[in-house]
Structure formats: structure tokens, C-alpha cells
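Once you've had a glance at the structure underneath, I'll fire off some questions.
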Amino acid sequence: MKHLLTTSELEIKEINKILDDAQCFLNGGTWTPEQKVFVANLFFENSTRTKCSFEVAERRLGLDIIPFEVSTSSVSKGESLYDTVKTLEAIGVHAVVIRHSQDRYFDELTGRSGVSILNAGDGCGHHPTQSLLDLLTIKQEFGSFEGLKVAIIGDIAHSRVARSNADALVRLGAKVVFSGPKEWFNEELLENGMYEDVDTAVETADAVMLLRIQHERHESKANQTAEEYHQAYGLTEERERIMKPNSIIMHPAPVNRGVEIADCLVECERSRIFKQMQNGVYIRMAVLKRSIEHIEGGANHVNINQKWPVAY
Amino acid sequence: MKHLLTTSELEIKEINKILDDAQCFLNGGTWTPEQKVFVANLFFENSTRTKCSFEVAERRLGLDIIPFEVSTSSVSKGESLYDTVKTLEAIGVHAVVIRHSQDRYFDELTGRSGVSILNAGDGCGHHPTQSLLDLLTIKQEFGSFEGLKVAIIGDIAHSRVARSNADALVRLGAKVVFSGPKEWFNEELLENGMYEDVDTAVETADAVMLLRIQHERHESKANQTAEEYHQAYGLTEERERIMKPNSIIMHPAPVNRGVEIADCLVECERSRIFKQMQNGVYIRMAVLKRSIEHIEGGANHVNINQKWPVAY
Amino acid sequence: MKHLLTTSELEIKEINKILDDAQCFLNGGTWTPEQKVFVANLFFENSTRTKCSFEVAERRLGLDIIPFEVSTSSVSKGESLYDTVKTLEAIGVHAVVIRHSQDRYFDELTGRSGVSILNAGDGCGHHPTQSLLDLLTIKQEFGSFEGLKVAIIGDIAHSRVARSNADALVRLGAKVVFSGPKEWFNEELLENGMYEDVDTAVETADAVMLLRIQHERHESKANQTAEEYHQAYGLTEERERIMKPNSIIMHPAPVNRGVEIADCLVECERSRIFKQMQNGVYIRMAVLKRSIEHIEGGANHVNINQKWPVAY
């Protein structure tokens with residue numbers, strides 16, 4: 001099996017291969033495994049975008065999807081994640097996509113099961129497919145990452161997106177700055193970028209990446225209303241006006257409209273928010289292909305359905 | 001995109017086209033879109049019949065269905081219906097079937113997204129596929145609507161079925177009367193039919209259409225038991241005996257057995273209740289085809305998988 | 001339709017046919033119905049193994065699966081199981097797989113609907129596919145059942161597995177003994193086997209079948225901790241050492257690790273626990289085929305997709 005756990009563990013050439021494959025799918029390329037391949041999507045946390053996006057990607061690849069609802073599974077009888085994954089393996093599932101509230105939940109799985117694990121978000125840890133789709137969106141816009149400045153603004157302390165993205169962007173040659181409430185900035189982030197005040201960040205960045213206030217992940221700041229946050233750290237209409245001419249707005253969504261970003265900017269010309277979602281499907285096709293190819297076999301393996309690569 | 005929102009907005013010729021297409025499917029006709037078409041079923045209210053019926057119809061047409069459970073989606077993080085639908089559009093969903101407790105929920109969607117909306121029930125508003133399957137059931141029985149008398153009996157104030165059906169039936173040439181607790185009759189209904197006492201209605205109608213007491217939609221009448229309701233307004237065995245020889249019994253279900261209708265009449269010879277459900281699948285195939293054909297394209301579009309129409 | 005309700009009602013030759021078909025599938029045999037066949041999985045109790053296993057089996061046979069979630073169905077509006085099944089029948093579902101907390105829930109369904117019922121567990125009653133997969137696992141190991149001794153240990157009073165298995169094993173020529181807390185042994189079980197103390201049972205059995213403590217089905221024995229149960233009746237590492245050389249360990253799962261069985265034994269060499277799960281898929285393919293063949297028709301029926309039997 002071949003896992004996708006964190007962006008940090010992907011080498012630059014692997015990242016580039018995934019981005020290329022995704023772009024190839026976006027341009028109409030197709031790929032289907034030779035044999036029946038079963039996958040299951042285990043979402044222990046709520047999701048629309050990531051889950052539905054994986055579901056579309058899986059169907060586009062012709063995979064067979066075994067439905068799994070946490071609330072009606074044996075997890076509610078106390079079965080562990082390890083035993084759940086081993087069970088799915090036993091009944092013939094080749095790959096599982098998992099979102100779980102526990103940081104690095106996958107450490108208890110890798111090396112102990114033959115199933116490919118695709119991480120769709122672990123606690124406040126990582127969210128590699130979100131990072132990869134962000135990278136693809138930036139690459140489509142600017143051609144390369146060299147010399148770009150990306151501002152990551154908002155709930156950086158609790159964001160698996162901030163963590164995953166910053167590391168990859170820096171390795172790819174971009175400069176990253178963080179902004180938002182200063183108490184959410186911490187030492188660990190320094191490794192990849194400095195803190196910058198929000199106005200400077202917005203004014204100088206090529207990509208302004210806003211993060212969702214994750215009400216479900218931290219104590220609400222009772223003394224700060226949504227409107228106050230918006231004025232202090234959000235992308236207001238005023239701030240949008242000081243952005244560089246070709247700079248773009250990004251957000252992993254779901255968006256709290258009027259908080260991280262003014263309602264009317266969500267679908268404005270600079271916004272790539274819905275394009276990010278589109279790209280998500282192709283990124284997920286690429287990482288599923290990457291894991292399944294590995295399942296399918298060795299060097300002598302001939303895939304009669306292989307329609308890959310296509311000319312484009 | 002081509003929406004299906006209310007029966008009222010469908011012209012008579014559109015209704016007839018849908019009924020014809022549904023009958024064609026029922027007689028063994030098949031139709032499959034040329035390209036992969038993705039749909040999602042968003043049921044914000046519980047359902048067995050309507051949801052499963054759409055699921056069967058979608059599979060019969062070879063569509064790809066993206067599972068969506070409200071309770072495990074980002075709706076539970078506060079994401080709006082609009083943003084949910086825009087997200088599904090971004091990841092490649094072409095049509096969404098929606099049931100929602102809010103009247104005219106679709107007003108915030110149409111014109112702002114490229115996805116086809118198929119209304120599977122909005123609040124106390126409309127339920128067009130239920131109306132259409134009722135119309136098909138009546139047409140199969142009597143050949144036409146001209147001169148028929150249809151009695152709609154029960155919870156008419158809260159029924160989206162009453163509203164949708166009465167309008168279409170009157171336009172198609174039938175006469176509609178309403179019966180049930182008089183306090184549930186209101187001015188608005190007068191547009192399409194008069195109130196009639198339940199015994200006269202049952203005795204003179206060609207189709208007796210009973211409505212479900214929607215406990216979930218109004219304050220229970222604490223002083224009236226189910227048995228009292230049954231005696232006062234239900235289709236008792238006694239009332240069934242005074243029905244016209246060829247008249248039929250209809251109910252959108254789920255049935256409260258022994259309340260709207262005597263238990264033993266649910267599957268009696270006059271009952272078309274399960275036939276209505278059968279017809280529902282073909283109606284949903286027809287309206288899905290109507291929305292998807294529109295997606296697929298213009299006048300020059302040649303559908304190589306087009307097996308439509310069949311000789312029958 | 002052809003139901004699968006309890007193991008007891010299956011004749012020996014039917015059991016052997018199912019085991020043969022399952023083994024045939026395991027060896028690579030395939031079978032697909034000629035027409036589109038719709039199934040629905042109705043799980044009124046939580047499940048990972050059984051539900052996912054049926055889902056894999058159904059997809060391997062090329063069936064169309066209509067998703068059904070109890071919590072979002074009309075069951076929550078009070079619709080009965082009978083009306084739910086009749087509804088599914090009306091919309092074109094051919095077979096339903098049901099797990100329900102009520103013993104013999106199927107008595108109100110059989111003979112009143114044309115749908116094939118496959119029992120995936122009824123209350124404390126039966127669980128025929130679990131029994132059949134247990135039988136297949138034993139047969140693979142020992143070639144036949146004649147003269148084998150099987151020890152069923154644990155929560156025998158509340159176990160549908162104990163009930164279903166003991167009857168079939170005895171009819172197939174094996175000897176069954178029961179062990180565990182003596183207060184959970186009852187008269188009814190005597191029909192198929194005696195009570196034996198746990199050490200003797202473990203020492204002399206060819207197959208040691210441990211049952212899950214079903215916390216959700218009986219009052220917890222407040223004065224007995226999990227560790228106490230493990231020492232008194234569980235398969236400890238000490239007890240495993242006195243097992244016969246070729247004897248095997250079985251458990252229907254989910255396993256309470258460290259209670260019914262020592263954590264480290266779950267995946268030990270003697271354990272067939274995950275193999276049981278593997279076999280479950282093939283058993284379910286076999287029983288689905290059995291029900292669907294019956295749907296598909298009479299003696300003159302020619303199945304053009306029939307790839308059955310394969311040489312093996």
C-alpha cells in the first residue's frame with residue numbers, strides 16, 4: 001500500500017507528480033484500475049467538500065465505494081479505529097480515506113495493515129489533499145511558486161491547512177507570512193514564516209489565504225464578536241482594494257461569510273474559492289491513482305484499461 | 001439547467017410530456033445520458049418513499065449519485081443551503097434533489113447556480129413529483145382528467161400535496177373538492193375548489209385522495225384522538241362502501257393506518273396507494289431526464305446512447 | 001422470493017450448497033444477474049462487519065444498492081417495518097437485508113410481500129450468515145464437521161450466533177459444548193450441547209468459538225470487572241497454551257480485546273477471526289445469489305451473463 005498522510009513527508013518531486021496528474025485529469029485525462037478496487041470513506045468529523053469531493057473522484061476513477069457511517073457502525077459499540085480498518089481490509093477494501101479528530105490517528109494504522117490510508121484531516125494536524133489543491137490553484141495562476149508571497153491569515157493555531165501548506169510552499173520556493181490574532185501565532189510556525197500585520201500581509205501577498213474560524217476547535221473569544229473579528233483580521237472590502245493587481249483570494253471553506261471575508265468578496269473576480277473546490281476533485285483523483293497503482297502491482301503489471309497519460 | 005420547482009409553473013403541455021415519458025419508462029423504455037452525470041439527494045427532512053424512489057430512478061438512468069447526509073455535512077458547521085449547493089456544483093454535481101422544511105427554499109438558489117434543482121418538497125409548499133405521480137395514477141385509471149371529480153381529504157392546510165395537486169388537476173379539467181376538519185380549510189384553497197362534507201365527497205368522487213396527518217407540522221389537537229379523527233374524517237369501512245363503483249383510493253403515504261384510512265383498506269382492491277409508489281419511480285425518471293437533457297446540450301447534440309423513444 | 005431467515009430452517013443439503021458456492025466465489029468464481037437487481041440494506045442496529053460485508057458482496061455481484069438510513073427514513077415518522085418493506089417493494093427493490101432488535105421481526109413480512117428477506121440478525125434470535133461463515137471457516141480448516149468438537153464460550157444467553165451455530169453444527173455431525181458464566185446457560189441450549197467448564201472446553205475443542213459480551217443487550221454485572229471476566233472465562237494466554245495443536249480460535253467480532261480474549265491472541269497464528277470476516281463476503285455472495293436466482297425465474301430461464309460454475 002501507499003499512504004498519503006502529511007504533505008511534509010511528500011518529496012518535492014512527488015508533489016509535482018501529483019499536481020501534474022491532477023492537471024492531466026482536469027484536462028480530460030482518464031485512468032481506471034484494471035481490477036475492481038474497493039474504497040471506504042471514514043469521516044469521524046463532519047464534511048461536505050472533502051467527503052463529496054472524494055466521492056466524485058472515486059466514481060470518476062470507477063472505484064467501488066463501501067458506505068461507512070460512523071454513527072451506525074460498530075464504532076458506537078466501542079470498536080477501535082485499528083479494528084475497524086482491519087475489518088475493512090478483511091472484507092476486501094483496498095484503500096480508506098479517513099478524517100478523524102485525533103492528531104496523527106494514522107500512526108496506529110500504518111505498518112499494521114495492508115490498506116492504503118489517505119488522510120482527509122487529522123485533528124489540528126494535517127490535511128494533505130487540501131494543501132495539494134491549494135498548491136494546484138496557485139500553480140495554475142502563477143505558473144510556479146518561486147518568489148511568490150503567500151499570506152495565511154486567521155485561525156493559524158488550529159488549522160491543519162496552515163501547517164500543511166506553509167511547509168510545502170516554502171519547500172517549493174514561496175515565501176509565507178502568517179497573520180490574524182497574534183495569540184494564535186506560535187513558535188512552531190516560525191519555522192516556515194514570520195508574523196505580519198494583516199494590512200501589510202494583504203497588501204503585499206500574491207495569494208491571500210484566509211482560514212476559517214473553527215468554532216468547534218477552540219474556546220470562543222466571548223469578548224470578540226464576528227463583526228469585530230472581521231474588522232480586525234478579516235478581508236474587508238477596504239482591504240481587498242489594497243491588494244496587488246493580480247493577487248488572488250483563497251479559503252478552504254466552509255466560509256463564515258462576513259467574518260473571515262466580506263460576503264460580497266466570496267465570489268468576486270479575485271476569489272479562487274470555488275475553483276479550489278473544483279481542483280479538489282482532480283487532486284483526489286491523482287492521490288487515489290497514486291495509492292491504487294501501488295496496490296495493483298509491480299513493474300511487469302500491464303493495465304489493459306490504462307489510458308494514461310493522455311496527450312494534452 | 002432546468003429546474004422542477006412547483007407544479008403550478010409547469011405548463012399543461014409540459015405536464016403531459018412528463019406523464020408520457022413516465023408511461024414510456026413504465027412500458028420498458030430506457031434512456032441514458034451520454035456523459036457521466038452526477039446528482040446529489042439533499043434531504044433535510046426524513047423520507048423513505050421519495051428519497052428511495054429518486055435513488056432507484058437515478059440508478060435506472062445510469063446516473064452517478066454522490067451521497068449526502070445532512071447530519072454529517074458542513075451544514076452542521078452552519079454552512080448555508082446556498083453555499084452547500086454551490087460547493088456541489090464546484091465539484092461537478094449537475095443536479096440536486098432537495099427536500100427542505102423552508103417554504104420556497106429554492107428562491108435563493110435559482111439564477112445563482114448552474115445546477116438543476118429538483119424540488120422533493122419544500123415546507124408546506126410544493127411537492128411536484130408527488131403531484132405528477134398522482135396525476136399519472138389517475139390518468140392510467142380514467143384515461144383523461146376531463147370531468148373527473150377528485151376529493152382531497154385531511155390535513156389540507158399543511159399539505160404540499162393538496163396545493164400542488166389541486167392546481168394541476170383544475171387546469172387539466174378535473175373538479176376538486178376539499179374535505180376534513182373545516183378549520184384546516186382556508187381562503188387560499190378556494191381558488192381551486194370548494195369545501196365539501198366528508199360523506200358527500202367520498203360518495204361522489206372518482207378519486208378519493210387522503211392526506212397524512214402531519215403530526216410533525218402542527219400542534220396536535222390534544223382533545224381529538226386518532227380514533228375520533230378516523231370516525232369524523234377518515235375513510236372508514238362504512239364510507240368505503242358508499243364510494244362509486246370505479247372510484248379509487250389514493251394516499252401519498254406514509255399512511256397512519258386506522259387514522260386517515262381503515263387499516264384493511266390500505267391494500268384493498270380500490271386502493272392505488274402502492275401503485276402510486278410504483279409510478280413515482282417512473283415520474284422521477286422522467287423529470288430527471290428533463291433536467292439532464294437540458295444539461296447535455298443544444299440542438300445539434302447527438303446522444304449516441306439515446307434509446308428514446310421506444311416503440312410501445 | 002426466497003428468504004434466508006434462520007439456519008435451523010436450512011436443510012443440510014442447502015447449507016452445503018451455500019458453502020460450496022461461497023468457496024467457489026472465494027476461488028474466483030463470478031456470477032451476475034441478467035437483469036438489474038435492486039437491494040436495500042436495512043440496519044436497525046449498528047454494524048460494521050455485517051453491513052459492509054453485504055455491501056461488498058452486493059457490489060461484487062453487480063447489484064444496485066438503494067441506500068437506506070433508519071434515522072432519516074419515514075421510520076422516524078412512525079412507519080412500520082411492514083410498510084417500509086412494502087414501499088421498497090413498490091419502488092422496485094427485489095431483496096432486503098435486515099438487522100432488527102426484535103426477535104423474529106420477519107414473521108410479519110414473509111408471505112405478505114414479494115421481496116426476498118435476508119436476515120442479518122434478529123434480536124437475540126438468529127444470524128444465519130454469521131453461522132454460515134463460521135461453518136465455512138471450520139470446513140476450510142478440517143475438511144468436514146464429523147467428529148469435531150466445538151466449544152462456544154461466553155455470552156451464550158444473548159447470542160444469536162450461539163443459537164444459530166449450535167443447531168447447524170450438531171446436524172452436520174459435530175459435538176458442541178457451551179461454557180462461560182453458568183447463569184447464562186439455559187435449558188434451551190441443552191438441546192444441542194452440554195455445559196462444560198472453560199478449561200476443559202478450551203483444552204479439548206477443535207474450534208474455540210468466543211462470543212462477544214454484548215453490553216448493549218443485558219444488565220452489566222456491576223460486581224465483575226472486564227479483567228475478572230477475562231480471568232474467569234476469557235481466552236487468556238495461559239489457556240491458549242493448553243489448546244490442542246491444530247485447534248483454532250474464532251470470534252464473530254467486534255472483539256472486546258482483553259475481555260473475551262487476550263489482546264495479543266486476536267491476531268495470533270491460531271486465530272481465524274479476520275479469516276471469518278473474509279469468508280463472510282463470499283457467504284453473503286452465495287446467499288444473495290440463492291435469493292436472486294429465485295427472483296430471476298423459471299426452468300427455461302437462460303442467463304446470458306451466467307459464468308457459473310467455474311472450474312476450480
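Every residue number used here counts from 1 along the chain in the order it is shown.
Every residue gets a Cβ built from N, Cα and C, even glycine.
TrEMBL: automatically predicted annotations, no manual curation.
As annotated in TrEMBL:
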- B:Arg49, B:Thr50, B:Arg99, B:His127, B:Gln130, B:Ala253, B:Pro254: carbamoyl phosphate binding site (BINDING)
- B:Lys77, B:Arg160, B:Arg212: L-aspartate binding site (BINDING)
- B:2-140: domain 'Aspartate/ornithine carbamoyltransferase carbamoyl-P binding' (DOMAIN)
- B:146-289: domain 'Aspartate/ornithine carbamoyltransferase Asp/Orn-binding' (DOMAIN)
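How buried are the listed features, and what sits near them?
The Cβ of B:Arg49 (carbamoyl phosphate binding site) has 24 other Cβ atoms within 10 Å, all protein chains considered.
The 10 Å shell around the Cβ of B:Arg212 (L-aspartate binding site) contains 22 further Cβ atoms across the protein chains shown. Annotation note: B:Arg212 (L-aspartate binding site) sits in a coil segment as assigned by DSSP.
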Would you count the other C-beta atoms found within 10 angstroms of the C-beta of B:Arg160 (L-aspartate binding site) for me?
25
Would you kindly determine which binding-site residues in the set B:Thr50, B:Lys77, B:Pro254 have their Cβ under 8 angstroms from any Cβ of chain A, listing them in sequence order or replying 'none'?
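Sorted by position along the sequence, the hits are B:Lys77.
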Quick check: which same-chain residues outside B:Arg49, B:Thr50, B:Arg99, B:His127, B:Gln130, B:Ala253, B:Pro254 lie with their CB within 8 A of the centre of the carbamoyl phosphate site CB atoms?
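Those within range, site residues removed, are B:Ser47, B:Ala120, B:Gly121, B:Pro252.
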Once the DSSP letters are reduced so that anything not helix or strand counts as coil, what is B:Arg99 (carbamoyl phosphate binding site)?
strand
Are there residues of the same chain, six or more positions away from B:Ala253 (carbamoyl phosphate binding site), whose CB falls under 8 angstroms from its CB, and which are they?
B:Arg49, B:Arg212, B:Ile273, B:Gln276, B:Met277
Ten-angstrom check, please: count other Cβ atoms within 10 Å of the Cβ of B:Arg99 (carbamoyl phosphate binding site), all chains counted.
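Looking across every protein chain shown, the total is 23.
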For chain C, which of the binding-site residues B:Thr50, B:Arg99, B:Gln130, B:Ala253, B:Pro254 fall under 8 Å by Cβ?
B:Ala253, B:Pro254
Hey, how far is B:Gln130 (carbamoyl phosphate binding site) from B:Lys77 (L-aspartate binding site), Cα to Cα, in Å?
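B:Lys77 (L-aspartate binding site) has its Cα 32 Å from the Cα of B:Gln130 (carbamoyl phosphate binding site).
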